[in-house]
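Asks: Take a look at what TrEMBL says about it:
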- 223-256: repeat 'TPR' (REPEAT)
- 519-660: region 'Disordered' (REGION)
- 523-579: domain 'Signal recognition particle SRP72 subunit RNA-binding' (DOMAIN)
- 543-553: compositional bias 'Basic residues' (COMPBIAS)
- 555-576: compositional bias 'Basic and acidic residues' (COMPBIAS)
- 607-633: compositional bias 'Low complexity' (COMPBIAS)
- 644-660: compositional bias 'Basic residues' (COMPBIAS)
């Protein structure tokens, strides 16, 4: 013991007992009492650091080590210091602390592997874990194998080369899950999905006997497996099933912020420019605190890239530029951020500025110039500048001698360009009879024949015909070309053509025309006029006339009455229209009890008053007055002379705040 006395000895006994029971908060109180008695006790200081680390007080533990660095030294608490820096996400500082240690213990190597994994130095990390598994035998062997399988999975997904199979056993669901991630990186999606199903079964079996684990806890543990299943479905094009699984993971609200961020990002990629409101809600999950320490650098870049695209689709131009500029700063040679900026400029109709930015990037980064120039050509085409687009495409060295590029060249460059392409292919492939070479020769011959250069096309056609003497079409083109240059040669070549009898098809034309499903039938020749047989008078065909249906007449139609010649005109345009007489009804309404009138009903009958003129005078009044007939459009059903129209009682409106 660092100091004597019964009181201090009792405190050390309590520290030992609390440490064995895992009660580090109580042990810390006892250690502080010891340090109050002896401030420079190295063992007490070391115990205090350990208690603070166990209580997750990493900043306080680091402060104690820094304040008492002379007493503690570098080697005594090197592991605790590196671990605190690692947990505080000071990964570079943790790496320096580990590398500065005089002795590399097993626990320091374990931490060294974790630091290398966070720094994405997978090759070195793999070597560290391989050495640990080979040279150590304890109860942590399974955890080391799990970490090694995670390194292999990361290398297969984000590494430049696929790692070798280490033959790790898949006895736990973590090992099975990491094996599935490795298969995803290798593109074996079906096998990876089956492996994830196996991992799900192993996970459920492992928690089946644990009474403290509820069904919700098991589902939370399976969330990462389900999210990875959804990712495979998304890669396979099964977006509906993938979206359903992603939403199930989001509803569980797992504590892993990295899992939430990746799941939300994948939902955004499925939504694309649709369902933007849902994407704006999901994008908040990708910005949670601590996400940057849970995900790999490429995952974070993918999330920022999708954020920039979402900002562009939601017309947040400044936010889109800010995110794209940040991505370009992180990866100056990556063309994606530049393409996002160019897309935003095109949405703002600034095509000229977009082309300038693409041109500048292509000059600064020639290794990515091919895709950038293709984009420039596309922008020129959208503006209608076809010539400029062809000039840009002609400058792309990677596609210069492709068949599609040969078709794009103009007349003045085409012959020379095709010859250069043929020479390039022969020198690169060292043989002139390959399918690609023959395709280029055929393209050259067709181009020359199309533009009337048959003399220049002869050599190409002869080369093609020698490769395939049975090609009748090529022989016919060669004869056609020679007919302009050398008629005798064309005549001699025509002997190689098959005879007309061998080329004729033995087909019965009449049977073919009369067969079921014939769409064209040849018309037979008409008979001469003299051969026409005159028809007998009795056999003359008479065309049947269609009977016209009688129009419907009004119910009270009077055929004797003269119809109104102005009946088709609107009432206002008729000569006898006098307009409405306003206020007449008000004057005739009598005062008295409800339902009665002041005068008799006969006084209110205008038809019985001699001095009252008709409201709508009838044309032809002389004939109609004598006969007493009424035109059909003015006839009304008869009513009783003394009848009066009853008022329909109106419903009272309900009082209150409601209503219309």
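Don't overthink the numbers, they just go from 1 along the chain as shown.
Heads up, the Cβ atoms here are built off N, Cα and C, so glycines get one too.
Nobody curates TrEMBL annotations by hand; they come from automatic prediction.
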Asks: Counting only residues 6+ away from its ends, which parts of the chain sit with a Cβ under 8 Å from the repeat 'TPR' (223-256)?
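Replies: Contacts with the repeat 'TPR' (223-256): 173, 177, 180-181, 184, 189, 192-193, 196-197, 199-200, 203, 216, 262-264, 266-267, 269-270, 282, 285, 294.
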Asks: For the repeat 'TPR' (223-256), jot down how many residues DSSP puts in helix, in strand and in coil.
Replies: 27 helix, 0 strand, 7 coil
Asks: Looking only at the repeat 'TPR' (223-256), what is the model's average confidence as pLDDT?
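Replies: Summing pLDDT over the repeat 'TPR' (223-256) and dividing by its length gives 93.
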